[in-house]
């Protein structure tokens, strides 16, 4: 239960961190879309471990295999299965964690819910589960780009108390990928890298905020009342490992304004389209896209598994301590960027198909 996401563009992820592999089954992808492993691999490479000194040193190529649903380079309209095999597991690093519960990790809650857990690498609660999401998100991005020229760009906005200055209306993928922390503010990026590296040497971890902008969004996406577009975006990104907060548009800062200060006033552009002079709504009003840029922010906590000794208990109820072994990210933010993009793409693609199905016939 709980492994499937979406309505018309529907994904089910599978696999564990130290199992044979991880992947996704996509149902509802339109037929005749040109797709190949290379379309998917680019985003998987951005997500994969071992890519820099500020990420986990686990070495995985994360090479994807399309198992079904594609023939002669085009989608068939049938379920698409994508598999990535695990190759660099070091399960012995987790022997101690078979008994000791990691503070603030899913160990204790999985044990409480199921009465059993895969302690090798965190099993299903590992961030390797997101490989399937990123693979499916790459296909969703291609649909959105081809149908509506939608562009989705995520980037690191903040690491701990270091915040970059980024204009979401002009930021490019090249700006984001110009450094290993994926912050488009070059000066702040260097400070972030130094802070993460120092935290790693201290056997600790830090968190931060990923901001994501979706541009060229068609008007009308979103389903009132329980499937509002921002509600589904929040559900999507808040289902990512280590996510702890969600904002759209002005977010919590909007509570400091009056209505006259916060309202996005309307005007007619040169083509007669209704536009807004500001975008404090973040591109969504009444749960439905208004055609402006959708801008969201996702807060990620510090990585739970750290090398510093902490107090904990065993699964048999004895107090003890744990200094975790294994290979872990000192900060999840650089690798979380393509994960956030993927969830945004999945939500927007699903709602695009729903909009066409309900309102696009007449």
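Every residue, even glycine, has its Cβ placed from backbone N, Cα and C.
According to Swiss-Prot, the protein has these features:
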BINDING   47  NADP(+) binding site
BINDING   124, 125, 126, 286, 301, 302, 303, 304, 305, 327  FMN binding site
**Request:** Show which residues of the chain containing residue 303 (FMN binding site), separated from it by at least 6 in sequence, have their CB under 8 Å from its CB.
**Result:** 205, 207, 242, 328, 329, 330, 331, 332
**Complete:** Per DSSP (helix/strand/coil reduction), residue 301 (FMN binding site) sits in coil
**Message:** For 47, 124, 301, listed as binding-site residues, tell me which one has the smallest number of other Cβ atoms within 10 Å.
**Reply:** 301
**Request:** Pop the Cα-Cα gap between the residue listed as 'NADP(+) binding site' and residue 124 (FMN binding site) into the table, whole Å please.
**Result:** 17
**Complete:** residue 301 (FMN binding site) to residue 47 (NADP(+) binding site), Cα to Cα, whole Å, comes out at 18
**Cα distance (Å, whole number) from residue 47 (NADP(+) binding site) to residue 126 (FMN binding site)** = 13
**Prompt:** By the DSSP assignment reduced to helix, strand and coil, which category contains residue 124 (FMN binding site)?
**Reply:** helix
**Item:** Farthest-apart CA atoms of 124, 125, 126, 286, 301, 302, 303, 304, 305, 327, residues recorded for FMN, distance in Å
**Value:** 44
**Message:** Whole-number answer please: how many Å between the C-alpha atoms of residue 305 (FMN binding site) and the residue listed as 'NADP(+) binding site'?
**Reply:** 19
